[in-house]
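**Q** Take this structure first; my questions come after.
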Amino acid sequence: MKLKFWREVAIDIISDFETTIMPFFGNPDGGKLVKISPSGDETKLVDKLAEDLILSRITELGVNVVSEEVGVIDNESEYTVIVDPLDGSYNFIAGIPFFALSLAVFKKDKPIYAIIYEPMTERFFEGIPGEGAFLNGKRIKVRKTPDEKPSISFYSRGKGHEIVKHVKRTRTLGAIALELAYLAMGALDGVVDVRKYVRPTDIAAGTIIAKEAGALIKDSAGKDIDISFNATDRLDVIAVNSEELLKTILSLLE
């Protein structure tokens, strides 16, 4: 299963997403509760529809799958696909145009390909370990540290509140995979979530893409993040475009 194969799979899924899921954008019916996911979160109708769409394409390949809504499907394959069928489902249901679908492919325990697709802008982000990060086919990099204070996405329940005094502005956009993609293309200087809340499915693709764009990615203890193949782990994530910003944030979390 070469890179070209996985890109074609992703493009097929995106095409189906545009046709099947996008008509529900801003429709309250998409927010109907369907079930409780293995991670303990509520699964809305649109989450289930998006997951069913993606799983129908991926499970036929005989690979392992990790998804927020269904948990783990172990087919004893050397390939594992971690998916977030609808990153930012609240935004989607509410008609807020900031959401995405994300997919990360691993061979054994090594990432080999990741995509994040933002339907509202038709931005197609790709991360290819060892080759780089791309937006609609063009290489992207995190932006150099600006002369002014940085701008970050920041999620907290009180921990690290002093961080806001050391940045120019903060945003809480509600779709962390897409926010990591925005870090990769230079729209944000950092993405920080210290709620012990995000799951591997939320950040698998985003961390691959951001890292390939030059981002530094750690947990709140300053350790590398290990993306596990399950849907229930809860993580902190600190992804930034410079060593200086990383040191500042970690020092304020001590």
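Note: Cβ is positioned from N, Cα and C throughout, glycine not excepted.
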**Q** For the Mg(2+) 1 site that Swiss-Prot describes with Asp84, Leu86, which of these is also annotated: Glu68, Glu69, Glu76?
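**A** Given Asp84, Leu86 bind Mg(2+) 1 in Swiss-Prot, the matching entry from Glu68, Glu69, Glu76 is Glu68.
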**Q** Would you identify which residue of Asp189, Asp193, Asp202, Asp219 Swiss-Prot lists as part of the Mg(2+) 2 site it also attributes to Asp84, Asp87?
**A** Asp202
**Q** Sort the binding-site residues Glu68, Asp84, Leu86, Asp87, Asp202 by C-alpha distance from Arg195 (substrate binding site) and give me just the closest.
**A** Asp202
**Q** Within 10 Å of Glu68 (Mg(2+) 1 binding site) by C-alpha distance: pick out those among the binding-site residues Gly88, Ser89, Arg171, Ile176, Asp202, and say none if nothing qualifies.
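**A** Close binding-site residues: Asp202.
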**Q** Please report how many Å separate the Cα atom of Asp202 (Mg(2+) 2 binding site) from that of Asp84 (Mg(2+) 1 binding site), as a whole number.
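**A** Between the alpha carbons of Asp202 (Mg(2+) 2 binding site) and Asp84 (Mg(2+) 1 binding site) there are 6 Å.
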